[in-house]
Amino acid sequence: MVVFDTGSSNLWVPSKKCSWLDIACWVHHQYDSEKSSSYKKNGTDFSIHYGTGSLTGFLSTDTVKLSDIRVPDQTFAEATQQPGIVFVMAKFDGILGMGFSSLSVDSVEPVFYNLVRRNLVAQPVFAFYLNRNSTDVIGGEIMIGGIDERYIDGPIIYTQVTREAYWEFRVQGITVNGVPLCEGGCSAIADTGTSLIAGPTESVRRLAAEVKARPFPGGIYIVPCNLVSTLPIVTFTIESTEFTLAPEDYILKVNQFGRTVCLLGFMALDVPGHPMWILGDIFLGKYYSIFDLGQKRLGFAPVKNQSKSSINPSGSSRRRKVVPMANLVPAQQLYT
């Protein structure tokens, strides 16, 4: 199973050739090139770093299958060393990056670029629905080649990408209780590979003070659970449109050692270079997100409440493919 990550641009999966010391590799599905008739050797060394982990390996080329789309001659990384505990505990096997090509390590053509170049999709667009109900079987959906209107409940607000690396755009303002968190506007990225919303340390401190949160190690904050219903709305202004998060949207209830802890869905993170907000699943779970590679823009729309019976995650049309995010293909079956 792979994660579709708009905050990176490379595809990697654990390799059958991984080190015996790579625990993460041995507790996940592995890619075995000897079982593929379309495998092509590359061998270039590969190394990539994420906010919470890093890995090394080498490049290979094969046919990648997404839903029923076959993407030939796709170069990807076989991970042979995944140090640390992060990837050991991960529920996914690998990561499929959906960022811009300029972000790609070793200048590898990203999977979606390969799809578009070969005219395998109707439009150079992909879109995410992230299901915030953790008890549902379907965790969400990525529509490749178009938009799934079933999940949209309101107008789509588009904003232009300001820099082609991450899916970066301009936010005009962020406020809580009337307190500005990015005066004069700020940069943000839409990142499906990040669970929370991350922002500059001082801005998140101001937000935490307004919601009576106390700091916890690692840049995160805890909120007294009895206060959740009284907390204020957080407002993001994008293209003069307000996108709001209510307390139930930005507070995560986590069970630890038999008790419930209420975790603030914002964390402090100072990005080197210039201040930036990272809008992860806390934001993207409430708003359907559209990534338009052709017009270099992002779209956001309110998510429509869906009952389980009304969702048909397997539906798709010609060159517009649905990939249910609880049914992603295990890593060793990505290639043929």
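Glycine residues also receive a Cβ, built from the backbone N, Cα and C atoms like all the rest.
The feature domain 'Peptidase A1' is assigned by TrEMBL to 1-301.
Annotated active site per TrEMBL: ASP5 (among others), in sequence order. For ASP5 (active site), applying a Cβ distance below 8 Å and a minimum sequence separation of six or more within one chain yields ILE95, LEU96, GLY97, MET98, GLY99, ASP191, THR192, GLY193.
CYS18 (disulfide bond) falls within neither a helix nor a strand when secondary structure is assigned with DSSP, and so counts as coil. According to TrEMBL, the disulfide bond annotation covers CYS18-CYS25 (among others).
Feature annotation from TrEMBL assigns disulfide bond to CYS182-CYS186 (among others). Counting only same-chain residues at least 6 apart in sequence, those with a Cβ under 8 Å from the Cβ of CYS186 (disulfide bond) are ARG170, VAL171, ILE174, PRO275, MET276, TRP277.
ASP191 (active site) carries neither a helix nor a strand DSSP state and counts as coil. The active site annotation in TrEMBL covers ASP191 (among others).
As annotated by TrEMBL, disulfide bond applies to CYS225-CYS262 (among others). Taking a C-beta cut-off of under 8 Å and a sequence gap of six or more, CYS262 (disulfide bond) has these contacts in its own chain: ILE222, VAL223, PRO224, CYS225, VAL228, ILE251, LEU252, LYS253, VAL254. CYS262 (disulfide bond) carries a strand DSSP state (E or B).
The two recorded residues, CYS25 (disulfide bond) and CYS182 (disulfide bond), show a Cα separation of 41 Å. Remark: of the disulfide-bonded residues CYS18, CYS25, CYS182, CYS225, the most isolated position is CYS225 (fewest other Cβ atoms within 10 Å of its Cβ).
In this structure the alpha carbons, written CA, of CYS182 (disulfide bond) and CYS18 (disulfide bond) are 44 Å apart.
Classification of CYS25 (disulfide bond) by DSSP places it within a helix.
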